[in-house]
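So that you can see what the record holds, here are the features copied from TrEMBL:
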REGION    A:1-30  region 'Disordered'
DOMAIN    A:154-293  domain 'Aminotransferase class V'
MOD_RES   A:Lys267  N6-(pyridoxal phosphate)lysine
DOMAIN    A:353-456  domain 'Glycine dehydrogenase C-terminal'
Amino acid sequence: MTEQLIFERGQPGRRAHAQAPRQAPAVDDIPDALARDSDIGLPEVSEMDVVRHYTRLSQLNFSIDTHFYPLGSCTMKHNPRACNTLASLPGFLDRHPLAPASHGQGQMCCLYELQEILTEVTGMDKCSLTPMAGAQGEFTGVAMIKAYHDHRGDHHRDEILVPDAAHGTNPATATMCGCRVIELPTDADGDVDIAALREKVSERTAGIMLTNPSTLGVFEQDILEIADIVHGAGGLLYYDGANLNAILGKIRPGDMGFDVIHMNLHKTFSTPHGGGGPGSGALGVGSHLRKFMPIPTIGRRGDGAETRYYWMTEADLPHTIGRLSAFMGNTGVLMRAYIYARLLGRDGMTRVAEYATLNSNYLMARLKDAGFEVAFPDRRASHEFIVTLKREKSQFGVTAADFAKRLLDYGFHAPTIYFPLLVPECFLIEPTETESRETLDAFVEAMVAIREEARADPETLRQAPTSLPARRFDEVAAAKRLDLAYDAGSSAAA
Amino acid sequence: MPFIPHTEADVRDMLAVIGAETIDDLFDEIDPRLRNVSLDAIPEGASEQEITRLMRERAGRDEGGLCFIGAGAYEHHIPAAVWEITTRGEFYSAYTPYQPEASQGTLQVVYEYQTMMCGLTGMDVSNASLYDGASALAEAVLMAVRANRKSKSRRVLLPKSVHPFYRQVARNICANQAIDFEVVDFDAEHGTVDRAALDRWAGEDVTALVIPQPNFFGALEDVDALTDWAHDNGALAIGVVNPMSLALLKAPGRWGGGDGADIVVGEGQPLGAPLAGGGPYFGLLCCRKKHVRQMPGRVVGRALDADGCDGYVLTLQPREQHIRRSKATSNICTNQGLLVTAATIHMSLLGPEGLRRTAATCAANTRALVERLTAIDGVSRVFDGPYFHETVLRLPMAADAALEALAERGVFGGLALADHYDGLNDTVLVCATETKTAGDLDAYAEALAAVLETHAAPA
């Protein structure tokens, strides 16, 4: 099943009449040389065309609302509808970011309280909500580490330690912040190699970027020792909150010794992933980094009926690393996170980590019992774990990708595949706390059935998926013969 | 338990399968010193009904006010269908299309979005969007430094007529990249790039020139001359545009006598994103085809599947951080997917005629507002020359105080520029979009007249 492009549905002169102003007033003072002299390149379609087309396109997607989506490291849990509905109340939606703070106290109160909640649940000193995605949260954190060292006159500290299992954004971020990346090996249990860490820290160490639990699905057991080693060398610890769901309300990054952290609110605080954004990379800092926080951050003056919330600027934070977005970050995402946090409350947050971990360990045990090989069989799973299909590959000649594609035919979104890079033919599986036991059991049954298919007729897997709107794509050819825009024979041609 | 489906029997049976006594046992690898957490500062959980009541009360406090503020975020009518469809669970709760066979909806939307952006800007290619307009400018600067191999200076000319927040963000994000940002002043009469100030860099090694259209003051720059200047001096031309204005203004792909702008960025918010107190919005980024491999962020391309049918995939991934790690073009690993979905639906509903009508109505309303306000004694335009839907007015009193008094009368009268520009004391940047009626414009004029009168004759 495919859907033609919106451009192919149109007819010259057709349009949606009710949605635009009734007339186009004459604007005759724009000089000809500056005026539009080419087609605008938008489709000409009716209201019905638009609604039907995009509704049909939506139906070509897998999503949390329609499918189990155990995508490791992405925390694809239920997105409560109340968060969307209430964040979309007109008072919040219609507010201009530069409208006077006196007329935005309702929203600012929510954002301030969110800062306080996140501060408490992470054990940090202060939070800022401005980073617009996890990667920008990382950037903010490392930029603050740089600012901290520069402020102390430690200008030579330009090395960032990153475990080899880390998400690719970590090294990319370090580079954007002008740092050199020093890679750390992993030991056989999936922990950072402590001996190598001792060797690599030096007077050039700016800091270390760590995810804990790591991308290998295990909790870093030596974290307190790692913190001592890095701090002892004069470096700071940055916590990548990609896996915060595993420990929310149970263990706090601040207590582990982290100096600065980011949280992915689109994961742990259940704001929508939206087909790839918007996210939010809220930041938490220790007291020694407070003065470098990005702006704007929300402050509070007064108490009780006199309480006033205000935007902190350079005047309040003269050492700030500055502004990273045109306005206030992804405010609408933050409002959803706030509503979610209030619905959960303190006990609900702890339950997130507990049941995410329960589901993960249960699913790992069931798959292990069913004969699948897990990467770290002697470790507890965190909120996610790794299965390696290297045995299936050598026995049946099918890859992790083949398994993943066949899972789609069974109505399950595939786990994260081939990440982390350290484990061959791997599945990184994260069930999240919002899935029922029956769903997990059904996933195990599908995995077992697919392995049977691999044994009987591996071609079934290699040809998969066969029941979706599309078959497998030739991505190599697509990258060679780039077609990035529809060519209607007009200026839209690429 | 909110959002957790487990029954007591489930928990018991699942622990038995795991071989653990309690859920707490699953955390037994973690140092006991870390496992004693109290969360007293976090309130108890609340029911949906309780939260609904609380949020309605708070949203109610923020309601009201007639908004004439622009400055990079604009109030536009968003057709009801836009967010009705965008928040369908299949779009709302999907993730990055890593499995293209299970994500053709999202992928095709992005391909259509890229096509629309190319059409609007007259450029060859568009990415799948960046965080917002300001961060898109920062990424464009880094991209220009990579793409302009002939230039060694890493010198980027950043006119003061570019949004002050965009300039700050570009500097902050590029802070550790050894970019040499040079400010180019504006002409006091027109509020556009001062040609003499620019010419001081003629013949020097310049990597890129940033060209805002319309600029922060709403004024129209001489984009043809600026683009030619950039190319004559070996620099890339980076356009910063408001996509709504492109219904009336020359497409950046056609600026100047040559091939037009090299990179175009802008704030996508006017295309279907609510103001929402500042985000989420999205940043658009388009470029010439020859620079496509230096482009940051996600890109969707058309591909053929095993049956030879057309479909869409994420492409050019070798530029990205999950493959290139520390050598990636950017650390960005998302786009603003949901906002792009809304923008694509929004642009489809408007079509070329709807976009033209909306842009023209914005321009006409602002002109009508300026006429009403400058009819008041002591109020005048600061810059002359053509503009789109914003302009700067001088008031006969401190702008901050005037805006505060206007807000008390329910009018958000614009942005005071004194904090952002020396020499622009007592000035406000005003904007009237298509959402304003003649009655609204009258209300602003009446409120301002009353405020100025009170100011002139204190009780």
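Glycine residues also receive a Cβ, built from the backbone N, Cα and C atoms like all the rest.
In TrEMBL, annotation is done automatically, which means it is predicted and not curated.
The structure displayed is predicted, hence computed values, not measured ones.
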Stretch-averaged pLDDT - the domain 'Glycine dehydrogenase C-terminal' (A:353-456): 97
Residue numbers, six or more beyond the limits of the region 'Disordered' (A:1-30), whose CB comes under 8 Å of its CB atoms: 43-47, 49-50, 53, 56-57, 60, 469-470, 486, 488, 492
The domain 'Aminotransferase class V' (A:154-293): DSSP-derived helix, strand, coil residue counts: 42 helix, 32 strand, 66 coil
Number of helical, extended and coil residues in the domain 'Glycine dehydrogenase C-terminal' (A:353-456), per DSSP: 54 helix, 13 strand, 37 coil
